[in-house]
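S.K.: Just passing along the structure, written as structure tokens.
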């Protein structure tokens, strides 16, 4: 009597699927743990991977040290943005933000602590949340994205306390002016808007594309990245990457780079930017290109500077984008190695 042979899953099918996933992966977001020793990276499949920076940077590091210590499914769609508080990792996807305890994640217990959805205009609306911003002085979180509004959430109660309206198209990016309670937002409508949190109103608008020296009509008017340092702001996207004096709404430096930039940050006396192309660009405030440091991804979407004082040995710049890798720069001048999903 012959026994029926059970249908077997072809050997290697799971590995082929994982290889295809990695091939088509985009890493949208990063966040460093409060202790500074771990890095969270969120991808287009809704996964968050946790890497041990301390293990990867160790003199005894092996290839395995550059792989995630844990990977978990966080959202049904892409993980567009992440930030960390002193205890929590906050992640945003389509229509909602979730909270996770760092202590539990590191024990590999990846159950969400809570989830919140901003009060959208209709129950059918599920807009992406492109940007998260912590406002430490008021213990709040600002969310912005596809519904063209900035929503403020009280981190203690989990309630949404205000919605700021003014953008006419979806919002890409947020930045905080720490010395004054003001938030900047940049969007697809080509405007950077400044909001005074004390009065919950828009107090300044800069329509970047209307300034001839910044305008690049062939790239569009969208603002994809911005950063602020007291009276100064740098922003880019469709228009050229430009340094602005905020009080006078004046563009002071237009940086000579053709590729649209997707992330920008101030660092010491430099401006770091990245976007289309594999390089992290180091700019003097005068507009001079000090360095272009190549990475392993064909396009970059996120830069993260780990400056946690608790872990000076993990002080690195990490860059991610259109690949399954997170490049690690141990000094700003070269890529030391890459972490990989």
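Each residue, glycine too, has its Cβ placed from N, Cα and C.
Fair warning: this is a prediction, and the values are worked out from it, not measured in the lab.
Residues or ranges marked as phosphoserine in Swiss-Prot (evidence: similarity to another entry): 180. Residues annotated as repeat 'WD 1' in Swiss-Prot, with similarity to another entry given as evidence: 22-61. Annotation source Swiss-Prot lists repeat 'WD 2' at 74-112. Taken from Swiss-Prot, the feature repeat 'WD 3' covers 124-163, and the record attributes it to similarity to another entry. What Swiss-Prot lists as repeat 'WD 4' is 166-205, and the listing cites similarity to another entry. Look at Swiss-Prot and you will find 215-254 tagged as repeat 'WD 5'. Per Swiss-Prot, the feature repeat 'WD 6' maps to 256-293. Residues or ranges marked as repeat 'WD 7' in Swiss-Prot: 295-339.
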S.K.: Per DSSP, what is the residue tally for the repeat 'WD 7' (295-339) in helix, strand and coil?
M.R.: 3 helix, 22 strand, 20 coil
S.K.: Any contact between the repeat 'WD 3' (124-163) and the repeat 'WD 2' (74-112)? By contact I mean 3+ C-beta pairs closer than 8 Å, pairs at least 6 apart along the chain.
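M.R.: Between the repeat 'WD 2' (74-112) and the repeat 'WD 3' (124-163), which are separate recorded stretches, there is contact, as judged by 3 or more close Cβ pairs.
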S.K.: Could you tell me what the rest of the chain brings near the repeat 'WD 2' (74-112), counting residues at least six beyond its ends with Cβ under 8 Å?
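M.R.: For the repeat 'WD 2' (74-112), the far contacts come to 26, 28-35, 38, 40, 42-48, 50, 120, 125-134, 141, 143, 145, 153, 155.
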S.K.: Taking the repeat 'WD 7' (295-339) as the reference, which of 22-61, 166-205, 215-254 gives the largest number of Cβ pairs under 8 angstroms?
M.R.: 22-61
S.K.: Excluding the flanking five residues on each side, which residues at least 6 beyond the ends of the repeat 'WD 4' (166-205) place their CB within less than 8 Å of a CB in that stretch?
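M.R.: Residues 127-128, 130-135, 137-138, 142, 144-150, 152, 220-228, 230, 233, 235, 237-239, 246, 249 contact the repeat 'WD 4' (166-205) from elsewhere in the chain.
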S.K.: Taking the Cβ of the residue listed as 'phosphoserine' as the centre, count every other Cβ atom within 10 Å, in any protein chain shown.
M.R.: 13
S.K.: Report, as numbers and ranges, which residues of the same chain sit near the repeat 'WD 6' (256-293): CB under 8 Å and 6 or more residues beyond its ends.
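M.R.: The answer is 219, 224-229, 232, 234-238, 240-241, 243, 299-303, 305, 317, 319, 321, 329, 332-335.
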S.K.: When DSSP states are grouped into helix, strand and coil, how many residues of the repeat 'WD 1' (22-61) land in each?
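M.R.: Final tally across the stretch: 7 helix, 18 strand, 15 coil.
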S.K.: Mean pLDDT over the repeat 'WD 3' (124-163): what is the value?
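M.R.: 96, rounded to a whole number.
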